[in-house]
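According to Swiss-Prot, the features are:
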- Cys2-Cys16: disulfide bond (DISULFID)
- 2-71: region '2 X approximate repeats with cysteine pattern C-C-CC-C-C' (REGION)
- 2-31: repeat 'Domain 1' (REPEAT)
- Cys9-Cys23: disulfide bond (DISULFID)
- Cys15-Cys31: disulfide bond (DISULFID)
- Met25: site 'Important residue for activation of TRPV1' (SITE)
- 42-71: repeat 'Domain 2' (REPEAT)
- Cys44-Cys58: disulfide bond (DISULFID)
- Cys51-Cys63: disulfide bond (DISULFID)
- Cys57-Cys71: disulfide bond (DISULFID)
- Leu65: site 'Important residue for activation of TRPV1' (SITE)
Amino acid sequence: DCAKEGEVCSWGKKCCDLDNFYCPMEFIPHCKKYKPYVPVTTNCAKEGEVCGWGSKCCHGLDCPLAFIPYCEKYRGRND
């Protein structure tokens, strides 16, 4: 059993299309579509773009600890 776009993932349920979707680290995560990787020109990576590897996330976004991390919105923090 696997989760499609917008369906709840984790809890032992992975996204069906792992090449194009990821399961964000959230309390109740839903499968999200990767945004295609584009070189960061603004010196920061936007939501869904690859971070780490020398590129930091733009303000208000977090770079999760993952093999290929993608910027995601901060949770539980307001800054």
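Including glycine, each Cβ sits where the backbone N, Cα and C put it.
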Cα within 10 Å of Cys51 (disulfide bond) - qualifying recorded positions among Cys9, Cys15, Cys16, Cys23, Met25, Cys31: none
Residues of the parent chain within Cβ reach of the repeat 'Domain 2' (42-71), under 8 Å, 6 or more residues beyond its termini: 22, 24-25, 32-35, 79
Minimum Cα separation from Cys57 (disulfide bond), reported as the residue among recorded positions Cys9, Cys16, Leu65 that achieves it: Leu65
Inter-residue Cα distance where the pair is Cys23 (disulfide bond) and Cys71 (disulfide bond), in Å: 12
Set of same-chain residues at least 6 away whose C-beta sits under 8 angstroms from Met25 (site 'Important residue for activation of TRPV1'): Pro64, Glu72
PLDDT averaged over every residue in the repeat 'Domain 2' (42-71): 84
Residues of the region '2 X approximate repeats with cysteine pattern C-C-CC-C-C' (2-71) by DSSP state, where helix covers H, G and I: 0 helix, 22 strand, 48 coil
Cys31 (disulfide bond): nearby recorded positions from Cys9, Cys44, Cys63, Leu65, Cα cut-off 10 Å: Cys9
Of Cys2, Cys23, Cys44, i.e. the disulfide-bonded residues, those within 10 Å of Cys15 (disulfide bond) when Cα atoms are compared: Cys2, Cys23
Cα proximity to Cys44 (disulfide bond), best match among recorded positions Cys2, Cys9, Cys23, Cys63, Leu65: Cys63
Residue among disulfide-bonded residues Cys16, Cys23, Cys58 with Cα closest to the Cα of Leu65 (site 'Important residue for activation of TRPV1'): Cys23
